[in-house]
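Take a look at the structure below.
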Amino acid sequence: QADGAKIYAQCAGCHQQNGQGIPGAFPPLAGHVAEILAKEGGREYLILVLLYGLQGQIEVKGMKYNGVMSSFAQLKDEEIAAVLNHIATAWGDAKKVKGFKPFTAEEVKKLRAKKLTPQQVLAERKKLGLK
């Protein structure tokens, strides 16, 4: 079984070990992941971000970010599921979402076929009502 905390070490350089990000440069995950998971389509969006990256302006907790998140498509499906489970649980976000179910490799595999660009992932974010 993949170790999500260990895989997250690749994310911590930008999003920080505590999930707080770097204001103005890299958005926080802690607290924001719950907001995403609470939206219909939020689970799929989080998977898409890891598979295809994200590019363009977003807003998290009132702060704007305009950068590029790289794709992590090189990770195996079970590794992507494991790191998503880590970010959903490490800072208590999953507890804020009614009926949270752990991410699975099967969910990741289904979305891997989409072949989106980072800009298309941004469009998916906007469909969720997130800035």
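Quick reminder: no glycine exception, Cβ is built from N, Cα and C everywhere.
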CYS11, CYS14, HIS15 bind heme c per Swiss-Prot; candidate in MET63, MET69 listed for that same site: MET69
Cβ within 8 Å of the mean position of the Cβ atoms of CYS11, CYS14, HIS15, MET69: remaining residues of the chain near heme c: ALA12, GLY13, GLY21, PHE26, LEU29
Reduced DSSP assignment, HIS15 (heme c binding site): helix
